[in-house]
Amino acid sequence: MSQVPTTYSFDAPTDFINFSSLDAEEDTENIDSWFDEKANLENKFLRQRGIGEPFQGKNSLRKAKLQQGFVTPLKAVDNTYHKETEKENLQKQSIPSNDCSSLDAKRAVSGNTPVQPQRRSIRLSAQKDLEQKEKNHVASVEMKAKRCVAPATDCPPQKRMKVSHKKKLEEEEEGSAPATSRKNERETLEKAKGKHTVPGVPPAREKVLKSTEEQEIEKRLRMQQEVVELRRKNEEFKKLALAGPGQPVKKSTSQVTKTVDFHFLTDERIKQHPKNQEEYKEVNFMSELRKHSSTPARGTRGCTIIKPFNLSKGKKRTFDEAASTYVPIAQQVEAFHKRTPNRYHLRNKKDESLLPSKSVNKIARDPQTPILQTKYRTRAVTCKSTAEQEAEELEKLQQYKFKARELDPRIFESGPILPKRAPVKPPTQPVGFDLEIEKRIHERESKKKTEDEQFEFHSRPCPTKILEDVVGVPEKKVIPATVPKSPVFALKNRIRVPIKDEEEEKPVVIKAQPVPHYGVPYKPHIAEARNVEVCPFSFDTRDKERQLQKEKKIKEMQKGEVPKFKALPVPHFDTINLPEKKVKNVTQAEPFSLETDKRGAYKAEMWKHQLEEEQKQQKDAACFKARPNTVIFQEPFVPKKEKKSLAENPSGSLVQEPFQLATERRAKERQELEKKMAEVEAWKLQQLEEVRQQEEEQQKEELARLRKELVHKANPIRKYAAVEVKSSELPLTVPVSPKFSTRFQ
């Protein structure tokens, strides 16, 4: 796809035209030369592509080196013209040139009509200059539209033109406006635009691939739009600031969160440490009495004391705090001991005079008795007086009502009154045991028939197992697979992993007990009676020896103790208390009751009962009783044809049975074994490498330590203060004669 080779720079272009500098005195013919050049570039591009008709490209403004947004110097006066030009540039970027909508009409109207400033400016001369510039600009635009607009034949569109969704919405909103007004708006737009307005032709439906240069240009345009929007907001803010304080603008400012310390109720219960408690203030008790009146008069309030706002502050220290001089702890401790505590300082009257004193209105009062609290300290009397107790007893006597009982006539009869005798219960009647075994015996005896029935032969059904499968032939044993052995002698002695054949779990066969013959009587097997012999424990002798030693020790202790004499009390001879004489009863002769006799009688009774049971069983077995004939009522036996699949059929099977070669299984096992061995070997190598690295690090550390200790470091040469030879300031000694000689006297 052919593209026009255009150049661009990363920085914003500076070849722009400042429309504010244009005056009516300058040459108006060369004003639109820059726009003509850009239009010629676009026409050349269309001719290269082979389009004869005037065609407005989709990306003409994007490819052109057009400055869309520019920065103007700030002025105190409301410059409405700059705002209009910025709005036009923004709308040109957002809306294509071939798209004619209601927004373009609004822009053309706003461009033709001067916008009145919202607030009245102070500088009237600047406003007049601005109006003059706007009039000149309107005249230049009209001249450009007359000169540059060329007549062009409108080509009928080949297909129905598509209308964007935004355009449809705007047309629906403005549907109430007449069609004539829309035509007028379009004509004014074409006049205002000049050469940029070309009759719309439907563009060719082909996908436009944007190059990196075009994408960069679009990005640059978006950034310029953002800059223009920010400039517009800044100018609005500047206007509000210059207008002065008007109506307060409500701003949704979030309040700064103030930190509040936690206040737990449990902290008040904890007793504080004596160091943290408040300082003790010595107060004279007598001087405090009647100092404060019980009902103080409400005085007039003084002036409001100005206090600073409690705003949130950062914890960072300020410059003044940081610049404070450092005081050692020793000096602080010494100053603390020398300083007099605050409780011993007298109050300064000057400070008290500065504070606003509360004016107290003095009112004459009558003397009143003091409100003493001692009478409220007395406890309530809980003990009742005698009068209260007598009143309570009188109430109880009045509430009590006497009820007489009926007269018992037996009182007048002769003889003592005895309680009624309890009714005598009848003696217990013995009831025999109702055993279940006796019931069964009676039932059997009642069911017995007096006459023996004749024996009749009944045939039994043929066993079906003979027809279903082979009976009596053992199953074929599965021979294990042959383990191949290599003929190589080196491999014969190789240790092989023993292969364990998976033993199939054989189902547990429950064999039923054989049915006893009807003619043979049943004899229960009685278990042999074995008497357990009681053997003495092994430590009986040891216990006996301990008992003897204990008794011997007790006797020795008794011999060592000296017996103390204790006199018995004097007996009372008034009454003689003799023990009662015990009279022994006459011996009554009773027969012997030996255990052997009891056991013999019990055994004889059991033997007799057992014989009776055996005789009954023999009689029951001798009486043959045939079972009812149920075979004649059942369906005849029909052997079922077995439905075996082709895979299970040993002969002529079509499906191949799955099998697994022993070599494949051994190969898999070998691979797994080699994999495990390789993992173990890699782990060992990793461990050895880690140990080697640790040893190397230890050696390096040891060498560094030895070098640090062994290498001698010479101390630097000391620099002493230079000796300054100062000349003596004393005057020279003047020689004076001692005058020892007396010749000159």
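Using N, Cα and C of the backbone, Cβ positions are placed for all residues, glycine too.
Screening Lys65, Lys375, Lys608, Lys619 against Swiss-Prot annotations picks out Lys375 (annotated as N6-acetyllysine). In Swiss-Prot, the feature N6-acetyllysine is attached to one residue out of Lys128, Lys338, Lys552, namely Lys128. Using Cα positions, the member of the recorded positions Lys307, Thr369, Lys375, Lys640, Lys739 nearest to Thr340 (phosphothreonine) is identified as Lys307. Note: the Cα of Lys307 (N6-acetyllysine) and the Cα of Lys375 (N6-acetyllysine) are spaced 47 Å from each other. Using Cα positions, the member of the recorded positions Thr369, Lys375, Lys640 nearest to Lys739 (SUMO2 cross-link) is identified as Thr369.
Within the same chain, no residue at least six positions away from Lys477 (SUMO2 cross-link) has a Cβ under 8 Å of its Cβ. The Cβ neighbour count for Lys640 (SUMO2 cross-link), using a 10 Å radius over every protein chain in view, is 6. With a 10 A radius on its CB, Lys739 (SUMO2 cross-link) counts 8 other CB atoms from all the protein chains. Rounded to the nearest whole angstrom, the C-alpha distance between Lys375 (N6-acetyllysine) and Thr369 (phosphothreonine) is 14.
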